Amino acid sequence: MTISDKIRIYELSRDLNLENKDILDAAQKLSISVKSHSSSISSEEAKKIKNLINKKNPDKTILSINKPSIKKDNFKQNKEDKSPVLSSKQGKPLKNNSNKKPLLIKPLNKPESVKKISNQLQNPNKPNIVNSSQSRANLTNTNSKPSQNFNQDKKTFVNNTPPPIKSPAKPPIQLIAKPKNINNNVKSSESSQNIARAEDKRRLSSKPDQNTNKPKTKNFNNRKNTPELVGAPIRREDPIINPNKQNNNKQNIAFKQTASNRPGSPNRPGMPNRPGLRNKPSDQGRPGSFNRQGNPNRPGSPNRPGMPNRPGLRNKPSDQGRPGSFNRQGNPNRPGSPNGPGMPNNRPGSKFNGQNSSGIRKPVSPNELLQLQKNNNSEKDKIGIKNNSKQNIEVPKQKAKAPNNRPNATPSSKKPPHRTFSNSSKKPGKTDWDDSAKLEALRSKNTQKQRQKVHIIGENDDSLTSETSGYSGEKISILSASLARPKKGKSDESKSQKTIKQFKKKKKETTRQRQKRRAMELKAAKEAKQVRPEMIIVPEDNLTVQELADKLSLESSEIIKSLFFKGITATVTQSLDLATIETVAEEFGVPVLQDDIQEAAEKTVDMIESEDIDNLIRRPPVITVMGHVDHGKTSLLDSIRESRIASGEAGGITQHIGAYQVEFEHESQKKKLTFLDTPGHEAFTAMRARGTKVTDVAVLVVAADDGCRPQTLEAISHARAAKVPIVVAINKIDKEGASPERVKQELSEKDLIAEDWGGDTVMVPVSAIKKQNIDKLLEMILLVSDVEDLQANPDRFAKGTVIEAHLDKAKGPVATLLVQNGTLKSGDVLAAGSVLGKIRAMVDEHGNRIKEAGPSFPVEALGFSEVPTAGDEFEVYPDEKTARAIVGERATDARATKLAQQMASRRVSLSSLSTQANDGELKELNLILKADVQGSVEAILGSLEQLPKNEVQVRVLLSAPGEITETDIDLAAASGSVIVGFNTSLASGAKRAADANDVDIREYEVIYKLLEDIQLAMEGLLEPDLVEESLGQAEVRATFSVGKGAIAGCYIQTGKLQRNCSLRVIRSEKVIFEGNLDSLKRVKDDVKEVNTGFECGVGCDKFSSWVEGDVIEAFKFVTKKRTLSQ
């Protein structure tokens, strides 16, 4: 009882010495809301429950409402109600039962539980009971002889015990309590059959006398108080022969004993107890039940002969004469199953069953029998008493023919007893022992179709399993009929298991396994197509090794092997040139065809389309000025601009962009010319790499006093790659020592032959400073452009090229655009390469804002999403959706192109080095070499060639004998080169120019020193290596679990440990983990480092499997200067 006047169900049951279910049943009848034995109720509700239980059980002699025990009042009412019915309807005296001799079987050992219960009995006159068989025999004798008392019955049992049962061949008796000696339960079938025959004769010749007198009831009640009396009730009417001979399994068992074996007797010859099952009491003396004379299936007694024990199930009492059921002795029909031949409907809910089902009680387990058996006159029992009059008439008919079938009913003799489902004694949905009896009925109907063995471990199953492995395992698969469901097929289970296994297997597939599987699939696919192609087409004159292998239907390893034998080391991603591809393909017998593609320098998109033909007009030419740095290119451009701009604007000219437009009067007509300042400008190089054709005419400026220089030759190659006409301007003709003819001679060696020499190249001698022949040069440019027939359509969406682009802090991405066709207007949506833009503003070369720009007009435009790439082509689209789609496709192509460039052949050339160096993908050292004599230059160049060039390339821009001049300074400043002088001097003004342009000049007199410094400079361009430096070593001496991880308690043996350093865990001389030291603590404080001789805690986020004895090696990575590798 709690402080708050609340009491729990289990406390109340303990106070009343009842079970929890008794209290719960009483609470349900009183409509008190309780859920389980731990529910709390008020003290008033507890009083109501006590009053209800006291009314039902004034003497409190019954333990449980649902327990099958013998009750005083009920037995009295049975005799009062049933005696007239039996005597009137049967017309046979009940005293004939006195002729039967009782059968007494002495138990081997008296269980201690009986002793304990006997001390608690309410009847003090009978404290010592020899065994349960005596009590039951006494009870039987009392029913048959009303004039005798209990002591006389006891003596009669002892004296009248038949000798066949006392024979040593008979099995020991099993008491109500849990059996101790299991092995003695085995019986012989012959002895049980002899007993059955003897019993049959006695039973058929005698008619049981029903008790009608009160004294008999008193004697019975006195005997009832013993715990052994909890058993099947005794039939109190004469058995009537039942024509149904097939369903008498229980009756056969009953007639194997003499009439002296009465209910309550534990002696059951030839019948072992079921292991793991509780012996259920029989219904002897219950209201509404008959006295089953001669039925050996009693609570606590050995079960039927020849019937193995059932593991996991309690022994059920026999159901003969129970209310709601016939005397089903050996009847295989079970509730809920089809009835046997000649049997009425036994199913729950049937008419007959409904009439006789109210007096059934649940069986009692051995543990429950150890407590006091208390009277409980429940409503269920009262209902059973009222229905007994009808039961007494029909039930005996089931007993008559039992003895004839018992010896031969071997299969049916193994059928366990069953009970009819009782609606009044058990609530629907509750699992009871009756449910398992229903299953027994279902299985016994078709014995050949038995369920699979399922051994259910019971309370008493520990030592009985070996004795009862036969019947129980074969017959029982589940305990409750309410839980019975068809078993899932093995095939379905196996399929589902396989599916789960496959699914888990896929989940556990590692990256390496997946790669291996894909490689195997690819190999199988390639093996399936081993047919060589007739020919392969090589686009863009290059293919990677993998692409070539795919085209030849070979493995990439075959291509690499072929290249290796040719002295070429390649990888699957390395690009191969056309010559190498042809060599490899011919080895495998496949010809190579070059794809009909325009050369790289030509434009990939034609600016003039077929729709523009009707609206074409002449457009101004685009002129590119190229040449060496010191050959007067800038002076020439300045002269052209100054001569064609009004004198009022001359002083305020500021070139904002790399392209500008000038007007020139030719043949009384004003002509516009667009000049592109490309020499030294990165835009021209980017456009050549992109393969675009921007310029219409290339002007090559060559100094008359210096002749052709390396950059002059490079400019010639640029113009030829772009396939544009070249106009040569021989500058500085006014300077002393100028020789235009020598320049023509040098150019003729490069296949540029002047017109006056019979060639087709226009060469004009000019002087930018003196402004000589400037007009003639412009006229030649116009003549050449007229021959080219340059046209465009201004009435269409604009197309053009990005000259240059940069990111402005205030304006954002800014691009210089050259319109080549159409008209560009503000608000147009355009795609420049892989960049989307919408024109927000445009300005010309003078900084004036304009709204539109026609063909060959350079403008500076704003409104791009990001900075476009110089050399990309742009095009205006009608809507943003279309432009965005085009941009996405170009972005994909751009990535592929960049990848191809990265995987290009590693053969080093001047142009490829320049391109990669500009992109920051290659370390490059630019040099300008000047020496005293040509022999020194050649020697130095030969030594530089021997330096390692795998990681850093040496590019000598200029190597010549002579002194270091200002021209060399200018070249070094433009290219970011270092000037190296060997036994030479500086020209006048060179030192000043070098300081002004911040150019590094190195002078040497010994070649070895020169080579050493150059090698050190090359190594300085290399990124330093990360080298492992050891910090210390610690040993794990303890581990601590913290949350999901673990902390290692360590002792620093050498060096020190630092937080966030790298560590390596070594166990059994093997490295099991390598990562970072994330947590370092000294006692409870976070520390940065712990030195030798101290203890600390080490934690790693990605490792927690610490084991005592692990060794932790701490280290860190430091940078180390790299050296050149061969």
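Even glycines carry a Cβ here, placed using N, Cα and C.
Of the listed segments 37-40, 677-680, 793-796, Swiss-Prot assigns region 'G3' to 677-680. Looking at the stretches 51-58, 627-634, 667-674, the one that Swiss-Prot records under the feature region 'G1' is 627-634.
When the ranges 2-6, 652-656, 692-696, 947-951 are checked against Swiss-Prot, the one recorded as region 'G2' is 652-656.
Taking each of the binding-site residues GLY627, ILE733 in turn and counting other Cβ atoms within 10 Å of its Cβ gives the largest count for GLY627. Its own atom aside, the Cβ of LYS633 (GTP binding site) has 26 Cβ atoms within 10 angstroms in the protein chains shown. Non-local contacts of ASP630 (GTP binding site) by the CB criterion (under 8 A, 6+ apart in sequence, same chain) comprise ALA703, ASP706, GLU966, THR967, ASP970, LEU971. DSSP states for the region 'G4' (731-734), grouped as helix (H, G, I), strand (E, B) and coil, give 0 helix, 1 strand, 3 coil. Helix, strand and coil counts under DSSP for the region 'G1' (627-634) come to 2 helix, 1 strand, 5 coil.
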